[in-house]
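According to Swiss-Prot, the record shows the following:
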- Lys80: active site, charge relay system (ACT_SITE)
- Ser155: active site, charge relay system (ACT_SITE)
- Ser179: active site, acyl-ester intermediate (ACT_SITE)
Amino acid sequence: MTELIKLSAAALAAKLASGEVTSVQVTQAYLDRIALVDGELNAFLHLNAEEALRVAAEVDADRAAGKELHELAGVPIAIKDLIVTKGQPTTAGSKILEGWISPYDATVIEKIRAAKMPILGKTNLDEFAMGSSTEHSAFGPTRNPWDLTRIPGGSGGGSAAAVAAFEAPLALGTDTGGSIRQPGAVTGTVGVKPTYGGVSRYGAIAMASSLDQIGPVSRTVLDAALLQEVIGGHDPKDSTSLVDPINGQTGCTGLADAARLGANGDLTGVRIGVVKELGGEGYQEGVEVRFRESLELLRGAGAEIVEVSCPSFGYALGAYYLIMPSEASSNLAKFDGVRFGLRKLPEDGPMTIERVMSATRAAGFGNEVKRRIILGAYALSAGYYDAYYGSAQKFRTLIQRDFEAAFAQADVLISPTAPTTAFKFGEKMADPLAMYLNDVATIPANLAGVPGMSLPNGLADEDGLPSGIQLLAPAREDALMYRVGAALEALHEAQWGGPILDRAPELGAASNATAVEGTK
């Protein structure tokens, strides 16, 4: 079953449909893989093996009975542990929710269940999705399958590592400032942030409600497109969910067709804009070399490469780190030790609600979460709201206008996804600003609500680790992004002789023991 787990989700779906393999066989193969390698990676926080095999058996029975099934029926999936799943733990990577069992499903989980995709389990993340390395999880860091001494990105490092290590063919993540795309870049996977509102946020534990977006993690562009079609669409339970009053579209239809069209590698007439401000100083040389090589591939495929300038992008990081913590400080107020989750009682003194809340939050939240709550509360405080939060929202408007101007010159925009390849554990923990700079290229898309995709862009010369390339499209033009992404993927694989993950080191070998021990 070793080769089975390395197939794309689309290829697995085809084998399932033809009867060549069963869903139980596929699901068991991934569970066996998790048992073999996750002790090294720590990608999963909770396994859902019994239910996954039950759903797989139901799919096999339905298929044998000739029932009509979704294309991805029987294809397993992993879920970031920020998305609630009924009857299963949802921790958000935090001690404050340790042991909490969700009484309901997120909308995306309802859709996954309706498609009859077996849920393998819940994946690790930075606490409440606050981080760029998955080092801030209360349950230990996830390790990068390419080098166990390095980070897998964040906040969704668990989902990216699981897909990269062949523990799952697909996963769900959330992206507030790059938490799907940046892990994709450093693990050699595909990560997509859909148009804001294109996928329901109902049931995703909110960090920053105006920025958060659920999206797919996969090994191919087509797989991501197929998954986004499953989870996308209007949801009346999410007040920010998009719906077009004319045609009812949200930007989550026709994606797989667009990816299949792009796979022929022809981009004749497509204008691709290189964002001047997303490169240069601070970007690793090997990342930029691979980026320039990809531009030449795109030019050779008929695309017109133009340079565009978005001056306000230079302020995006600052605006984000005022807006995001402000919204997070409000969203996390519900974790008070009274309603649900951890309750820590004060050791002495009067037993008031305020003192229970203080003791609970002090014990339940990690340092990065506390840092952002304090920053957000300060930015929203009387006398400072206009100077900080209000000013950041004005810069957000400028960023949106720069996107509009750029898309008047180009059909899609392109940049490196992250400035560097994966860094060593502990390398940036003492310097929050250095950590935050990992998201400098991904944050603008969240501030503007436009879709973004990261796909593998080869291995950097300095360290032989994956780098990523990012595509950005106008809002609701997700299909165009998938078309260009699939074309670039086809061009890359023709150059590389196959998917980049084929070059990843083997896991589960005794030779990795030293590397694992070094990260503990």
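Each residue, glycine too, has its Cβ placed from N, Cα and C.
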Provide, as an integer number of angstrom, the distance between the C-alpha atoms of Ser179 (active site, acyl-ester intermediate) and Ser155 (active site, charge relay system).
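Distance between the two Cα atoms comes out at 5 Å.
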Determine, to the nearest whole angstrom, how far the Cα atom of Lys80 (active site, charge relay system) is from the Cα atom of Ser155 (active site, charge relay system).
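Spelling it out, the Cα of Lys80 (active site, charge relay system) and the Cα of Ser155 (active site, charge relay system) are 10 Å apart.
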Out of Lys80, Ser179, which has the highest number of nearby Cβ atoms, where nearby means within 10 Å of its Cβ, if these are the active-site residues?
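For the active-site residues Lys80, Ser179, the Cβ with the most other Cβ atoms within 10 Å is Ser179.
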Report the same-chain neighbours of Ser155 (active site, charge relay system): residues 6+ apart in sequence with Cβ closer than 8 Å to its Cβ, ordered by sequence.
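In sequence order, Leu82, Gly93, Leu125, Asp126, Ala129, Met130, Gly131, Ser132, Thr134, His136, Thr174, Thr176, Ser179, Pro183 meet the Cβ cut-off.
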